[in-house]
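For reference, the structure discussed in these notes is given below.
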Protein chains: 2
Amino acid sequence: MHTGEGSSAHDPHRDIPEATVARLPVYLRALTSLAERNIASCSSEELATAAGVNSAKLRKDLSYLGSYGTRGVGYDVDYLSYQIAREIGVTHDWPVIIVGIGNLGQALANFSGFSSRGFRTVALLDAAEPMQGRTVAGIAVRPFADLAEIVTAEQVSIGVISVPAAAAQDVADAMVEAGISSILNFAPAVLNVPDGVDVRKVDLSIELQILAYHESRKAAEAEESVDDGSGEGVSA
Amino acid sequence: MHTGEGSSAHDPHRDIPEATVARLPVYLRALTSLAERNIASCSSEELATAAGVNSAKLRKDLSYLGSYGTRGVGYDVDYLSYQIAREIGVTHDWPVIIVGIGNLGQALANFSGFSSRGFRTVALLDAAEPMQGRTVAGIAVRPFADLAEIVTAEQVSIGVISVPAAAAQDVADAMVEAGISSILNFAPAVLNVPDGVDVRKVDLSIELQILAYHESRKAAEAEESVDDGSGEGVSA
């Protein structure tokens, strides 16, 4: 059993809150931008601004990684990047398969952001014959029936679903059966998976709805300031 | 000035925390799923489970909308859907343009989830001549140079950027210049925009990194249980 005594600052077994986990990739992206501008160290305020969070939350999040920065100097950009990447696990190489090679699947296959974060797309699968044998992003599209074989051969643990909603559950079932334990689902469908399998759902309309909320607010405020300007009151 | 006195339960001027705003579309999606299964009312626990949050947080979030449910009955699915959609502003019709009609732009143009939430794609724009005149999702692709004309004619306030990173800032500048005040950015680039313009960035690799974190944890736990099983201790 793990007792916690004598554990190093980097203890992979303790729990990090899910909200913090979700922000770590955002910090990593902000640090990468700083490194690209040849910035070697940054204050928590600078990093927080770059990541779009408040600095108290940033410091709290980083404290889970045992990263406290140096007073008067701040955080070392390269070292903190390494700490976060190690914590997330993207210092590994993660073989990924993508099932459903329509427009979205092709966009994902071509997306450079995956490979730069340790994700290696090892196979593209599509159930439709016209797609099979075609090459996307330098990778041949293979029949969906080859799924289990590929997962075993390449030791794939992460699968991406970019098929239509009606096919998504069948694809998820086949992935789980083949041994995949993490699924990134772009299909507008809720998936049922056994315990121990993680599913993250990407809903491209949710961000648009958040923008719509702010647009509504802006429109309401503009109307209100027009009302104020006209001097006309609103009767109770 | 708005005094707050005599305001109705639905006051569009009060502040809702950003984290709550981000969850409202998730509740709306869960309610839509319930309605599709002909479920007319639900408890906060049922809705919280469907949305993947805890029920205390759900009740707190909905209290900002003045929605408290009915004791012993719960929430009316249709009415709560309407309240949330009104709060987000998706009971409006939102004209949207998409700039960059590569694979991702085409996937977005074809994405039914936008139109079902009040977003109407009024134009697709691409700077590359080979794309212009092509039809995607029933909409003709027009030259990027037509941006300002289209934004004015269609009263577009929301723009989607799905161009390569190097072109994203120029597209954002043109959008802001044309009068767009909300931008959904799929390009892997940080955009500089003036105050009053909202930008939401979608990074498709972030969800994958969150999955990688959980995969790393699962791998570490599996190793640990193997260690336990073998009876071999780890020397201090």
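Along the chain as shown, the residues are counted starting at 1.
A Cβ is built for glycine as well, from the same backbone N, Cα and C atoms used for every other residue.
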Which range is DNA-binding region per TrEMBL? Of A:26-65, A:106-145, A:146-185, it is A:26-65
Check each of the binding-site residues A:Gly100, A:Gly102, A:Asn103, A:Leu104 and report back the ones whose Cβ is under 8 Å from some Cβ of chain B. A:Gly102, A:Asn103, A:Leu104
Among the binding-site residues listed here (A:Gly100, A:Gly102, A:Gly105), identify the one with the smallest other-Cβ count within 10 Å. A:Gly102
Compile a sequence-ordered list of residues in the same chain as A:Ile101 (NAD(+) binding site), six or more apart from it, whose Cβ lies below 8 A from its Cβ; state 'none' when nothing qualifies. A:Ala109, A:Leu124, A:Leu125, A:Asp126, A:Met131, A:Arg134, A:Val136, A:Val141, A:Ser162
Residues satisfying Cβ distance under 8 Å from A:Asn103 (NAD(+) binding site), sequence separation of at least 6: none
Local backbone state of A:Gly100 (NAD(+) binding site), from DSSP in three classes: coil
